[in-house]
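Peer 1: As annotated in TrEMBL:
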DOMAIN    34-218  domain 'BPL/LPL catalytic'
BINDING   R79, G80, G81, D82, I83, T84, F85, H86, A147, I148, G149, G160, L161, A162  substrate binding site
SITE      K144  site 'Lowers pKa of active site Cys'
ACT_SITE  C178  active site, acyl-thioester intermediate
Amino acid sequence: MGVARSLEVWKMGVVNYLDALKLQEKLTSDRKMHKITDTLLSLQHPPTYTLGKRRTDHNLLIPESELKSMGAELHYTQRGGDITFHGPHQEILYPIVSLRDIGLGARKYVENLELTMIELASLYSVKACAGQKGETGVWIDERKIGAIGVKISSGITSHGLAFNTNPDLNYFRHIVPCGIADKDVTSLQKEAEHVLPPEEVIRDQLVACFVRIFGYPDVIWKDSASMSSCSLEN
């Protein structure tokens, strides 16, 4: 294990996908130059479909014009993974961390992201597990509850994970989620046997799971009110 580092957590609320992408690019550059410590963005997106660098457009099942009529956007990214959906009531974590400093390789990093979501589900007595070979993300039997798509550049991570707390699952009907045609998508609300607490509670629990699994001893929290000096426009 490498040198223990602090983690700065940005609680950002709902952020447009392209704004979040621009911010990740800036933070990744700053992290490479040691201007900032490891940083975790906790946020949600408006309805957005994203494709990974493999450009698997065939897994989008309706014309892009129909997406616009639904109020959804489509964006192409440089992350790994296939097509996925981001939207309200889905918790997203984008870690901008140095794998060298925390002593992890790419495979172990992805496994830790999976464990983060598995541990969160377990807090609600929902038994989730990592996918079979070729099936990224986190699953409950044949139903996917969490997606992973990462980019690693010069040992610095970006993009990350998306956990379905209670999104509108109808949005997933318009794609082949993650390129796996014969599997379903689910949510914590659908799988849990009791009423969930407010999303803010679940959001903080997901961050807490990440912090524990990645072993950060020091966490600095920033919410939207305290981020005026490091806003998306900078």
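Using N, Cα and C of the backbone, Cβ positions are placed for all residues, glycine too.
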Peer 1: Limited to the domain 'BPL/LPL catalytic' (34-218), I'd like the whole-number average of pLDDT.
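Peer 2: Here the predicted model's pLDDT, averaged over the domain 'BPL/LPL catalytic' (34-218), is 89.
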Peer 1: At the Cα level, what's the spacing in Å between K144 (site 'Lowers pKa of active site Cys') and F85 (substrate binding site), rounded?
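Peer 2: Their Cα atoms are separated by 12 Å.
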Peer 1: Measure the Cβ-based neighbour count of L161 (substrate binding site), defined as the other Cβ atoms within 10 Å of its Cβ.
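Peer 2: Summing over all protein chains shown, L161 (substrate binding site) has 23 other Cβ atoms within 10 Å.
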Peer 1: Counting Cβ neighbours within 10 Å across all chains shown, tell me which of the recorded positions R79, K144 comes out on top.
Peer 2: K144
